[in-house]
Amino acid sequence: MPHTSPETEAQRDSNAPLVVVLLGPTASGKTALALELAERFDLEIINVDSRQLYQEMSVGTAKPSPEQQARIRHHLLDLRPPDQPITLQEFQEEALQAVNQSLAKRGAAFLVGGSGLYLKALTAGLRPPAVAPQPALRRQLAQLGQPLCHQLLNTADPEAAVRIASADALRTQRALEVLYATGAPMSRQTSASPPPWRVLELGLNPLDLRQRISARTQALYSQGLVEETRQLRERYGPELPLLQTIGYGEALQVLAGDLSRPAAIAHTTRRTQQFAKRQRTWFRRQHQPHWLPDDNPLNEAGRLIEAGLG
């Protein structure tokens, strides 16, 4: 059965401010559609992609280009260097500020991204435990290696382990950090206080997603993913957790001579397709978007937003 959330008072109140969410798996076309919608409704885009929060990571995260950012103002891009982790709580604080500014300025706010937990935390008002980063513990966990860390998390907090990809070192370390700092699993410490918004969720899930992912991966390598990875490795070292994520991990192996470029492209494509499958499962269980048609998502999204704005 799909997960459903109880309707909040704000959701029922047609006078509550409108927050539009465009969600979908990686390579589903969110960026292009978001730009069209933002221009049509005079909105600014608030990023909800966890890797795009970091500086110096543009190619591998498919961050909106400088030209696209010049068309529409974007928030929550390039917040910090990649060696300074951003917690879920810190993301919420930054995102809430951007949402409130947009509501005051435009009368509506526009969230775009595929990081399901970040979207859920913001729109449902989840309150994760306030635990400061523990650099010494993170270094120890990095030395243990991501496979063992994820196994430890699966034993101690299986609910969190199901939500966190086995290769996601940053979120695995954060969940273990909370566990060791507080003595209780993160999944049992999160409360909810829904914000006073009406949330309109629009979803993209194209039938040709596998082909889109394959084309996206080829484009990342042709646009300079390996060189971007080289620069990150030189500045921050090969153990940087974000360099273990999809795309960067394979490019790192190319630089080390452990993978050929064609093999890296194939491996990145496969991992991305697996990740997209997990994203779609999350969206089905944790969100209730209006799924947009493949043939004309812009018209349907525009109609729904116009109705929401009244």
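For all residues, glycine too, the Cβ spot is worked out from N, Cα and C.
When Swiss-Prot is compared with the stretches 49-52, 113-116, the one noted as region 'Interaction with substrate tRNA' is 49-52. Each of the binding-site residues G24, P25, G29 was scored by the other Cβ atoms within 10 Å of its Cβ; the lowest score goes to G29. Ranking the recorded positions T26, S28, T31, S115 by how many Cβ atoms sit within 10 Å of each one's Cβ puts S28 at the top. On the backbone, the CA of S28 (ATP binding site) and the CA of S115 (site 'Interaction with substrate tRNA') stand 13 Å apart. The local packing around K30 (ATP binding site), expressed as other Cβ atoms within 10 Å of its Cβ over all shown chains, amounts to 23. Taking the mean position of the Cβ atoms of T26, A27, S28, G29, K30, T31 as the substrate site, the remaining same-chain residues with a Cβ inside 8 Å of that point are G24, P25, A32, A62, G114, L204, R212.
In this structure the alpha carbons, written CA, of K30 (ATP binding site) and S115 (site 'Interaction with substrate tRNA') are 12 Å apart.
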